[in-house]
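The annotation domain 'Globin' is assigned in Swiss-Prot to 2-146. The annotation heme b binding site is assigned in Swiss-Prot to 63, 92.
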């Protein structure tokens, strides 16, 4: 994947403003609420019975932070995303059996969360760069499935 200097700047510039705990928790909660079938991968998280329960669930918050923290690894390694996510791809494929489509859904939700949090900064050019990034990350995570 080739990144232009402008794309790299748009991604890293916005990432520097992201509150990983809050945005991660919101993104994962939205995934579980908007796409309820994804909840089956989180049965051990306890009460996911309503949007309020999901949003207030400490395990959802913690895992959302973990997910977005690892997304930060992509931002730090834009030129080597495939290798950055090779172990996570293996885990999600071989052990957790997560449908790779869920990575794309989470990426789309992350775009929505970023747009909501950073209305001024999230220009169309910024969105295009982030859309490319979430697509590349989703593809890297789905790699072990092929």
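Note: Cβ is positioned from N, Cα and C throughout, glycine not excepted.
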Quiz item: Counting each residue once, how many in the domain 'Globin' (2-146) are helix, strand and coil under DSSP?
Solution: 116 helix, 0 strand, 29 coil
Quiz prompt | Mean predicted confidence [pLDDT] for the domain 'Globin' (2-146) | solution = 88
